[in-house]
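**Q** Below is one structure. I have some questions about it.
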Amino acid sequence: MTIGIHDISAATGGLVFALADLADHEGIDVGKYHRGIGQTEMSVLTDDEDIVTMAARAATPILERHGVDGIRTVVFATESGIDQSKAAGVFLHGVLGLPHEVRVVELKEACYSATAAIQFALGIVARRPEERVLVIASDNARYELDSSGEATQGAAAVAMLISASPAVLEIEPVSGLWTDDVMDFWRPNDRSTALVDGRYSVAVYLDSLEGAWKDYQSQGGAAYESFARVCYHQPFTRMAVKAQQRLARIAGDADAAGADTEHLAGTTIYNTRIGNSYTASIYLAFLSLLDNGPDLSGERIGFFSYGSGAVSEFFAGVLVPGYKQQLRPESMERMLEARRPIDYTEYRRRHVEFDRPGDFETVDETLGAVRFAGTTDLKRQYERR
Ligand code: COA
């Protein structure tokens with residue numbers, strides 16, 4: 001029996017902020033952002049969008065195509081949770097009108113948890129192949145204004161249906177794992193922006209890749225030469241270049257410096273325009289490859305998932321022949337093009353106004369079908385248009 005990703009769909013915020021405007025304001029060369037970190041824009045949420053509305057927007061095309069039969073588990077992976085107790089997935093369950101006979105949980109470990117969600121889903125389907133699991137990765141990546149991480153914000157959700165006999169990607173059983181208790185990025189409970197030791201986090205990411213890859217090999221993982229592409233967690237797309245070069249070096253690739261060109265081709269297009277999306281970012285990279293790359297039916301794709309703190313995993317899957325017919329590239333392009341550009345003043349105002357105490361109503365501005373209307377008696381309210 002094969003198990004893996006049967007369908008995949010993404011959504012992002014309704015606004016877009018150009019990094020050229022940030023560089024302008026800072027009085028620096030935009031090359032630092034465009035080439036140095038590999039980002040041109042970041043998605044920004046409208047007042048009435050959050051991780052639940054993005055998740056609903058990402059999951060809706062999947063549910064419209066496949067229905068809800070057999071979905072008895074929803075796993076919502078996020079760093080940017082909206083409640084300390086109630087899982088964001090339960091709000092999603094409500095707005096999507098999913099059946100009551102479903103278990104729903106939220107998973108957290110910085111940018112890694114969507115990969116854990118997929119692994120848990122694979123286990124559930126292995127035990128009961130008639131079941132399907134809806135995995136959601138949704139995050140609003142926020143750093144402090146004027147901090148080193150500011151240029152690496154963004155927002156997106158990726159929804160995936162995990163099933164037996166998948167139509168997109170058969171996930172192979174071997175994983176390489178690496179966990180290390182470090183403080184490279186964290187967010188105390190009273191903060192809505194992450195704290196980060198940026199350069200240290202880059203070093204820990206690369207060391208974790210080495211650890212996870214070596215474990216992957218020791219567990220009987222596939223040879224480096226058999227990978228057509230590798231999808232990386234992309235806090236900024238240049239990170240994937242650094243990572244692929246490190247992997248090539250460890251794996252003994254004679255052309256380590258140029259290894260990124262072939263192995264990353266197609267995987268950074270969406271992330272360059274959307275910015276960091278924490279847990280969603282590696283699966284956004286995968287969707288970018290599916291939508292924008294050549295037909296790689298039968299080819300092996302590697303995945304390196306990294307979550308600061310730090311937990312990481314290297315695993316692989318094989319693309320199912322005919323997978324291109326399952327995709328919706330035009331809908332992603334439409335969503336990206338529909339984002340309303342905001343200038344520096346508006347970007348900054350929205351950033352500051354994000355934290356609102358007490359009850360409030362939001363402005364009606366999302367283009368999605370589900371909106372976050374605000375809070376009443378400190379209860380989050382969602383409505384369908
Ligand atoms: N043209 C082209 N490249 C330029 C440039 C220019 N005008 N100016 C600078 N650069 C390059 C630098 O050489 C550097 O490249 P390198 O990493 O290959 O050496 C890159 O742009 C970034 O410049 P740097 O001075 O290192 O930026 P920074 O210290 O302000 O911030 C991060 C970089 C990644 C540390 C910062 O964005 C951050 O904290 N991000 C959040 C944390 C994160 O994403 N961690 C990743 C692991 S999860």
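Any Cβ shown, glycine's included, is placed from N, Cα and C.
Keep in mind that TrEMBL annotations are predicted by a computer and have not been checked by a curator.
Dumping what TrEMBL says about this protein:
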type	residues	note
DOMAIN	4-163	domain 'Hydroxymethylglutaryl-coenzyme A synthase N-terminal'
BINDING	Asp29, Tyr143, Lys242, Asn276	(3S)-3-hydroxy-3-methylglutaryl-CoA binding site
ACT_SITE	Glu79	active site, proton donor/acceptor
ACT_SITE	Cys111	active site, acyl-thioester intermediate
DOMAIN	174-247	domain 'Hydroxymethylglutaryl-coenzyme A synthase C-terminal'
ACT_SITE	His233	active site, proton donor/acceptor
DOMAIN	264-320	domain 'Hydroxymethylglutaryl-coenzyme A synthase C-terminal'
**Q** Given the recorded positions Asp29, Glu79, Cys111, Tyr143, tell me which ones have a C-alpha lying within 10 Å of the C-alpha of His233 (active site, proton donor/acceptor).
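**A** So the list is Cys111.
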**Q** Compute the C-alpha separation of Glu79 (active site, proton donor/acceptor) from the residue listed as 'active site, acyl-thioester intermediate', stating it in Å without decimals.
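**A** Answer for this pair: 7 Å between alpha carbons.
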**Q** Which of these binding-site residues is closest to Cys111 (active site, acyl-thioester intermediate) if you go by CA atoms: Asp29, Lys242, Asn276?
**A** Asn276
**Q** For Asn276 ((3S)-3-hydroxy-3-methylglutaryl-CoA binding site), name the DSSP secondary structure in the helix/strand/coil scheme.
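**A** DSSP call for Asn276 ((3S)-3-hydroxy-3-methylglutaryl-CoA binding site): coil, neither helix nor strand.
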**Q** Per DSSP, what is the helix/strand/coil residue tally across the domain 'Hydroxymethylglutaryl-coenzyme A synthase C-terminal' (264-320)?
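**A** Within the domain 'Hydroxymethylglutaryl-coenzyme A synthase C-terminal' (264-320) the tally stands at 22 helix, 18 strand, 17 coil.
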**Q** Just to verify: the residue among Asp29, Glu79 with the fewest other Cβ atoms within 10 Å, which of the recorded positions is it?
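**A** Minimum Cβ neighbour count within 10 Å, taken over the recorded positions Asp29, Glu79, occurs at Asp29.
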**Q** Do you know the mean pLDDT across the domain 'Hydroxymethylglutaryl-coenzyme A synthase N-terminal' (4-163)?
**A** 98
**Q** Which of the listed recorded positions (His233, Lys242) has the least company, meaning the fewest other Cβ atoms within 10 Å of its Cβ?
**A** Lys242
**Q** Over all pairs in Asp29, Tyr143, Lys242, Asn276, the listed (3S)-3-hydroxy-3-methylglutaryl-CoA binding residues, work out the largest Cα-Cα distance in Å.
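**A** Between the outermost Cα atoms of Asp29, Tyr143, Lys242, Asn276, the distance is 22 Å.
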**Q** So which of Glu79, His233, Lys242, listed as recorded positions, have a Cβ under 6 Å from an atom of ligand 1?
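**A** None, by Cβ distance under 6 Å.
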**Q** Which three-state DSSP class does Lys242 ((3S)-3-hydroxy-3-methylglutaryl-CoA binding site) fall into?
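**A** Its secondary structure by DSSP: helix.
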**Q** Residue counts in helix (H, G, I), strand (E, B) and coil for the domain 'Hydroxymethylglutaryl-coenzyme A synthase C-terminal' (174-247), per DSSP?
**A** 35 helix, 17 strand, 22 coil
**Q** So if I draw a 10 Å sphere around the Cβ of Tyr143 ((3S)-3-hydroxy-3-methylglutaryl-CoA binding site), how many other Cβ atoms end up inside it?
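**A** I count 21 other Cβ atoms within 10 Å of it.
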**Q** With DSSP assignments reduced to helix, strand and coil, which class does Tyr143 ((3S)-3-hydroxy-3-methylglutaryl-CoA binding site) get?
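**A** Note: Tyr143 ((3S)-3-hydroxy-3-methylglutaryl-CoA binding site) is in a strand by DSSP.
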**Q** When you measure from the Cβ of the residue listed as 'active site, acyl-thioester intermediate', how many other Cβ atoms are you left with inside 10 Å?
**A** 31
